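Written below as structure tokens is the structure these notes are about.
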Amino acid sequence: MASKSKQHLRYQPRKSVSRSTQAFTVLILLLVVILILLGLGILSLPNANRNSSKTNDLTNIVRKSETSSGDEEGNGERWVEVISWEPRAVVYHNFLTNEECEHLISLAKPSMVKSTVVDEKTGGSKDSRVRTSSGTFLRRGHDEVVEVIEKRISDFTFIPVENGEGLQVLHYQVGQKYEPHYDYFLDEFNTKNGGQRIATVLMYLSDVDDGGETVFPAARGNISAVPWWNELSKCGKEGLSVLPKKRDALLFWNMRPDASLDPSSLHGGCPVVKGNKWSSTKWFHVHEFKV
């Protein structure tokens, strides 16, 4: 009996050491796996500043993806930047090529007319002092270049081409603007074709020397924390603003994920202070938009 007891006492420490070794081995393996995931970019370490910032802090601008490294024509690399969650808005840098920008402008120039706004009572168009630019519409699939651009927009937004209106090309000269407004409709007429406007893609076809920003006065967040704050005009500092940079495209959603209208999507075009501004807009509807 004593012999068995001694054997039991000798065996117990060996069992304890074995468990410790197993636990240590598991920890080492986990550490190796984590290091591999970090090396592959699947995992990332949290940013120290992220703990002290709010969800809507605009300093937390994230570079989301990189799709090309540019070309010899000076078009630059393409990458996407989240600029706001309320409203949901992202900028696709170098979305268009220089040639595509010039092509859209050349198509629009011969038929430019004074821009109008939607009459909520009739669903038609009317002149208004809140919008002083000139513009024209290009039918959907106008030519091969337009088709390529529209397909790229659809791929970017994950919304079918058929849900989009034709491209609108706009021109703003010094002093011209578009005061804050919503792209979604508040009348029953304009929602009959395709339903509500769900998203807007605004493409900048030219650089602007000063002014001409797209401003979101109702955006939530620390708007003065954006890196380009000092480059903004007085109007641009009245909300979250995007500088008009040639080839860039701004996507923002007029509706929330639950399909309710998003009042934080209120936006406007600041007056051009110096130079002139060319842009092109694509509106998307919930359903197919018949042309």
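Even glycines carry a Cβ here, placed using N, Cα and C.
When the candidates HIS103, HIS142, HIS267 are compared with the Fe cation site entry in Swiss-Prot, which names HIS181, ASP183, the shared residue is HIS267.
ASP183 (Fe cation binding site) falls within neither a helix nor a strand when secondary structure is assigned with DSSP, and so counts as coil. Summary: among the binding-site residues (HIS181, HIS267, LYS277), the fewest other C-beta atoms within 10 A of the C-beta are counted at HIS181.
For ASP183 (Fe cation binding site), the same-chain residues that are 6 or more apart in sequence and have a Cβ closer than 8 Å to its Cβ are ARG197, THR200, ASN254, SER265, HIS267, TRP283.
Mean pLDDT for the topological domain 'Cytoplasmic' (1-22) in this predicted model: 56.
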